[in-house]
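Enquirer: Please read through the structure below; I'll follow up with questions.
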Amino acid sequence: MLSQTNRVEPTDPNAHANFTSVQGRHTSSSVIKSRHSSSELINQVDYSENEVFPHEKKTLKRNLGLFSGISFIVSMIIGSGIFISPKGVLRETHSVGLCLVIWALCGFIALSGALCYAEIGTILPLSGSELVYMKEGIGSVHARIGDVLAFVFNWANTFILQPSTIAILSLTFSTYFLSGVMDSCGPPIELVKILAIFAIGLLDYFNLFYLDLLDLCMHCHVVILANVNALSVTVANRLNIIFVILKTIIILVIVIGGLVRIGKGYTENLKNGFAGTTNNPFSVALAFYSGLWAYGGWGSLNTVTEEIKNPKRNLWLSIVVALSLAIIVYVLTNISYFTVMSKDELLNSNAVAVTWGEAVLGPVSRGLPILISVSTLANVNGLLFFSARYCMVGARYGYLPEVFSCIQKQRLTPLPGILLQTIFAICYCIPSDIDSLITLFSFVSWVFSGLTFFATVCCRFTKPDAHRTIKVPIPLIILMLLVALYLIIAPVISSPNIGFLVAALVLLVGLIFYYLFVFRKMKSTFMKKINSFLQEFFDLTQAAVNTEA
């Protein structure tokens, strides 16, 4: 079933598809990073010869200073998460006080995780993030286990992480857009799902047939930055800073508005903050899921360590400053929400930012959900764009069926990958809501985050002499391993649901496919016929690798 002739053997250290961490997928810069990196990976592989091109003695220019590094991380974090997650955190904590504590702890977890990712990212400075860490980190202890885990990560990324993120962002867009144009009663869930599916389908159509028009007309910062990034890292970096500032303005409006209300004495909901606090330590894990979704993107800076000026100083300092700022801003944002809403009101709100805006900004608040929804829709488009390219790169390495390495002859777009991601994203939208999708995504994501922390420990012993720009204390890595285990096990115990079963089955099927088609190298006549039929039906052709600058 898998394209074995195109597979790069795991013994080659540069043979890795770029399956970048999806914890930052709900932000625009994650789109830019992944699109740039996947293009870079494609250019490293000669598809016809199945060899990695020899690298010239050139290095990336160090353009990112301390402020740029901070801006990069902040841009990865600040997105739709702060408008989605407050309800989920409060629902599982049952009190305002513990809710705010969880938000701060989520920031600490993100900060610690980012430092661990930064260390292994400097040891294994290859495109691919978790895929590379599985293959080369854990693979340094046992090559076969590393290869298996890399395959399973690719599998989970294709069938769970990417499409579920598209679904979450689409439902967020739909919720805020409809909240901005409808009355205070809020939109019915059926209408939210219909609009979300329509948005996915519309963006799918444009990505398939009007990609050039989309690139020209889409005024969202995702496309602007993606194209500028290919021309100049410095210009893209400056634009990135501008867009970070623009995105932060919305958050600052809420924060400042909350501080003003506190000054006026609107603190009723903050008194007796720990009243009603849950006493179930396992259910709190679901609160961490929601909070950590808002901090997604914390492992991003290690992907550009080669472009950071004075990395021994600026790498760790950028992480610490950026995550500290995020913690302060997120905690203050939630405090601001509680100056307007009680616990029950926040839990019953269809869109917390809209409810806050109606109370504080009055008629002007109508523009707030529209801005949030448009920004989120832009992120959906960018994510759909590069997730399809992930499928194509994965197929080139024999991790997915051969048909996904094809493009449509006339439009030159990766039609099979786009259709696959669209179908799965729609499937996730229909039966699920945002909270259940965040739980599914977080469960799978933390499985591989935990394995990454384990890979970091492995490299301490298997690569003791490797260059380390940053070296995290072993106790902190062990602590993050324990956190990952808690975040994987506790939700299953406290709130077992079909989502965990679906995730486990998908991972199990991935293992079966690896054994049959990668390890045993079985050939499937039926799959060859399917590939041939799809290539003829959609007028597909194998995509040659563009190695021109």
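The chain as shown is numbered from 1 upward.
Every residue gets a Cβ built from N, Cα and C, even glycine.
Because TrEMBL annotations are produced automatically, they should be read as predictions rather than curated entries.
Pulled these from TrEMBL:
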REGION    1-20  region 'Disordered'
TRANSMEM  64-84  transmembrane segment
TRANSMEM  96-120  transmembrane segment
TRANSMEM  159-179  transmembrane segment
TRANSMEM  191-210  transmembrane segment
TRANSMEM  241-262  transmembrane segment
TRANSMEM  282-303  transmembrane segment
TRANSMEM  315-340  transmembrane segment
TRANSMEM  370-391  transmembrane segment
TRANSMEM  412-431  transmembrane segment
TRANSMEM  437-462  transmembrane segment
TRANSMEM  474-493  transmembrane segment
TRANSMEM  499-519  transmembrane segment
Enquirer: Might you confirm whether the transmembrane segment (159-179) is in contact with the transmembrane segment (412-431), defined here as three or more C-beta pairs under 8 A between residues 6 or more apart in sequence?
Expert: yes
Enquirer: Between the transmembrane segment (474-493) and the transmembrane segment (96-120), are there at least three Cβ pairs closer than 8 Å, leaving out pairs fewer than 6 positions apart?
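Expert: By the criterion, they touch.
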Enquirer: Under an 8 Å Cβ to Cβ limit, what residues of the same chain, 6 or more beyond the ends of the transmembrane segment (191-210), are close to it?
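Expert: Residues packing against the transmembrane segment (191-210) from afar: 166-167, 170-171, 173-175, 177-178, 377, 380-381, 384-385, 388, 408, 411, 413, 415, 418-419, 422, 425-426, 429-430.
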Enquirer: For the transmembrane segment (282-303) and the transmembrane segment (370-391), check the count of CB pairs under 8 Å (sequence separation 6 or more) and say whether it reaches 3 or more.
Expert: no
Enquirer: What parts of the chain pack near the transmembrane segment (437-462), using Cβ distances under 8 Å and only residues at least 6 beyond its ends?
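Expert: Here the qualifying positions are 22-23, 84-85, 88, 113, 116-117, 119-120, 123-124, 130, 133-134, 137-138, 140-141, 149, 153, 156, 160-161, 164-165, 167-168, 171, 286, 289-290, 292-293, 299, 428, 472, 474, 477-478, 480-481, 484-485, 487-488, 491-492, 495, 497, 499-500, 502-503, 507.
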